[in-house]
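Shown next, in structure tokens, is the structure this report addresses.
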Amino acid sequence: MKKKILLMMSLISVFFAWQLTQAKQVLAEGKVKVVTTFYPVYEFTKGVIGNDGDVSMLMKAGTEPHDFEPSTKDIKKIQDADAFVYMDDNMETWVSDVKKSLTSKKVTIVKGTGNMLLVAGAGHDHHHEDADKKHEHNKHSEEGHNHAFDPHVWLSPYRSITVVENIRDSLSKAYPEKAENFKANAATYIEKLKELDKDYTAALSDAKQKSFVTQHAAFGYMALDYGLNQISINGVTPDAEPSAKRIATLSKYVKKYGIKYIYFEENASSKVAKTLAKEAGVKAAVLSPLEGLTEKEMKAGQDYFTVMRKNLETLRLTTDVAGKEILPEKDTTKTVYNGYFKDKEVKDRQLSDWSGSWQSVYPYLQDGTLDQVWDYKAKKSKGKMTAAEYKDYYTTGYKTDVEQIKINGKKKTMTFVRNGEKKTFTYTYAGKEILTYPKGNRGVRFMFEAKEPNAGEFKYVQFSDHAIAPEKAEHFHLYWGGDSQEKLHKELEHWPTYYGSDLSGREIAQEINAH
């Protein structure tokens, strides 16, 4: 009887092993059904999938990816797919709701940007990358962490390589039987992107004019990666004639800087183009944001590479012609965030502004979580500092062994946690001090003093979060010592920095990168 049971179990094991092999064979020979959101995602995914899948696209040309609302039919299409690929939650803002509505766990969801850090979106840039040497950070006041970031990474060939790699890795992990094909396809596609990247670098690295003016601020990554400055203007669209007032101010701006071209996301109407030419003396040209191609355009042979090369050709109408440095119409850098304010605007604050549980960012610097931040800063500095130099600079600034701080505004206590050991002291407000930096901007230190005589090194503390009046802090830099408040005022090189304990390292890196 025992032999029969063992034989039966062996047969069952062989049967299931055979079934698993057959299932893998069917998957290996069959095609993966992939739904993508809009054109760049579709293009990059096809480059990875090749002949091993059927790739479709939800949005037609002319559809705004931000505002798209998927129909019931669209949801079902995603539900029935093997994989769903999108660019980023900041681009396809509707995707988070779609993910929640999916009932099938078989759908592999792929985010093109992966763990890529993004820069601040238009209108959210705090303009202080040049202030790093005096540590003039800005406070972030957005409640959400999605809408404030720029998702247009595909307009930089350099960053598009990372997007393709992310899609490749995610699909290879989901379908290991097809991984070799996906990797081979991606390698071929990435080589084409590298060639495009070389073309952009060769054409723009020695540009005679580094600034270009655009009506659609989608080209920040392209500008960043190839050493240019994107200047965004408002009040001008390709299909609506500017007001007489706007034409008058634009005309002065154009003449002041010798601007020859304004770039639009699509062909400007003849009326708009004529008005700009006649009244402002500037021509209209197209830089495509590549959010969609029509079926007719694709059948005619247009694709990501042809459009990007056309963009480069059009951009060179500006970059190949020497001219004075073009500055934005309005100087948006002299804000309270960046240290420009009047003395009368500075108000006293209470410890409750910093209530909560806070974690040091220093461990994330040590483990490499912040490495992308240094790469971004190096590019923003345009050669003034390298990524390694930024990391060294911030290593000095962030360094601390106080890994956590808990602040109770009601009890007016601060608890310092070092290697698991806690020390709690009670604090009274000791006033504020306005510090003036060599470049002309300023900062405010809000001072507190411990009541306990045994507070030691934590006797005096000073907060700096780049706010100048009562408001809830999102992060802060803390200075502490046992000698005097005056001695702490002189500390400009070492500023331990703290973010909410509920944030992940990547979330903190993203916040730092956008400031």
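Yeah, the Cβs are placed from backbone N, Cα and C, and that goes for glycine too.
Per Swiss-Prot, the feature signal peptide maps to 1-28; the stated evidence is sequence analysis. The feature Zn(2+) binding site is assigned by Swiss-Prot to H66, H152, H216, E291. What Swiss-Prot records for 125-148 is region 'Disordered'. The annotation region 'His-rich loop' is assigned in Swiss-Prot to 129-148 on the grounds of similarity to another entry.
Swiss-Prot feature annotations superimposed on the structure.
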| residue | record | DSSP class |
| --- | --- | --- |
| H66 | Zn(2+) binding site | coil |
| H152 | Zn(2+) binding site | coil |
| H216 | Zn(2+) binding site | coil |
| E291 | Zn(2+) binding site | coil |
Non-site residues, in chain order, whose CB comes within 8 A of the mean position of the CB atoms of H66, H152, H216, E291 at Zn(2+): E64, P65, M91, P151, A218, E265, P289
Candidate with the highest Cβ count within 10 Å, taken from the binding-site residues H66, H152, H216: H152
Under 8 Å by Cβ from E291 (Zn(2+) binding site), counting only residues of that chain that are 6 or more apart: F38, Y39, P40, E64, P65
